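Enquirer: Take a look at this one; I'll ask things after.
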Amino acid sequence: MSTKNFRVSDGDWICPDKKCGNVNFARRTSCNRCGREKTTEAKMMKAGGTEIGKTLAEKSRGLFSANDWQCKTCSNVNWARRSECNMCNTPKYAKLEERTGYGGGFNERENVEYIEREESDGEYDEFGRKKKKYRGKAVGPASILKEVEDKESEGEEEDEDEDLSKYKLDEDEDEDDADLSKYNLDASEEEDSNKKKSNRRSRSKSRSSHSRSSSRSSSPSSSRSRSRSRSRSSSSSQSRSHSGSREHSRSRGSKSRSSSRSHRGSSSPRKRSYSSSSSSPERDRKRSRSRPSSPAVRKKRRTRSRSPERHHRSSSGSTHSGSRSSSKKK
């Protein structure tokens, strides 16, 4: 059969023998070349396109021939010598794939392949990488490794031979023999009464000491209040003496003026005697009112009591001079 006139149709199959690879018609049950029977391993052929034929070739007016084929996927018309489509690369004769209906979803085939991984204590893992605990250690000779192992074994033996005194179980007997006087529940009532009396005495002592300290602390406060009351009384007496002296000076001035106006023609010794007689009871009143409480306050009051006398003398002198001038004019 010539290759030019060979046409693949749906259902044709390829011989499963790799050395043969002959394409047989769909109606054959055995290979036409090697005689091997058709099995399930034989792959079915599928035509990727169909020939256009003479009618379409005549309509193309010499552009295509009857052997040219049209692709089934993109419907492009390809030359007969092409084994693949010029547009979508679909093969002219393709192997028919099994239609299983599997789309590749999760657990679609129901036969999931589990990879069994064995965890070993080796130096390398399943991917051939060195484990972390072995990365920092330098590989030394076998003698050094043996020494390290011997040291580790000796350390374990020492740990086993440690002092086990803290794990002794015979300590309970020693505790039973200890002094149990503090746990005596049959103590007499006299001891309890003595303890109560001692507690009461200590409390009374603490209260008495507290009252003494409070009385001591209150004494300076009382002395302060007394000193404040004294200072206030002295200040009030000073203010009273000031007001009395001012009133006395005012009364003197008014009396002198009235006497000068009414008795211009009278003599001066009468005026002096009148002023001295009028001022003597007022001075006695001053002295009775302002009795100093301390020597410093007495000095201050003496100086203040002298000042109105000077004022009175000056006023009397002025009145005397006025009376003299009036007598001369007469």
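Glycine is treated like the rest: Cβ placed from N, Cα and C.
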Enquirer: From S30, S165, S188, pick the one Swiss-Prot annotates as phosphoserine?
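Expert: With Swiss-Prot as the source, phosphoserine is noted for S188.
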Enquirer: Say a student had to find the phosphoserine annotation in Swiss-Prot: which of S120, S277, S293 would be the correct pick?
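Expert: Record lookup, Swiss-Prot, feature phosphoserine, residue S120.
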Enquirer: Among S65, S153, S279, which is annotated phosphoserine in Swiss-Prot?
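Expert: That would be S153, per the phosphoserine annotation in Swiss-Prot.
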Enquirer: Select one residue from K18, K54, K92: among these modified residues, choose the one with the most other Cβ atoms within 10 Å of its Cβ.
Expert: K92
Enquirer: List only the single closest residue to S120 (phosphoserine), chosen from the modified residues K54, K92, S153, S193 by CA-CA distance.
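Expert: Result: the closest of the modified residues to S120 (phosphoserine) is S153.
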Enquirer: Of the modified residues K18, K54, K92, which one sits closest to S153 (phosphoserine) when you measure Cα to Cα?
Expert: K18
Enquirer: Considering only the modified residues K18, K54, K92, which residue has the minimal Cα-Cα separation from S193 (phosphoserine)?
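Expert: Checked the modified residues K18, K54, K92; minimum Cα distance to S193 (phosphoserine) goes to K18.
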Enquirer: Among all the protein chains here, how many other CB atoms are within 10 A of the CB of S120 (phosphoserine)?
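Expert: Taking all protein chains shown, S120 (phosphoserine) has 10 Cβ neighbours within 10 Å.
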Enquirer: Using C-alpha atoms only, work out the spacing between K92 (N6-acetyllysine) and K54 (N6-acetyllysine) and round it to an integer in Å.
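Expert: Just about 19 Å between their Cα atoms.
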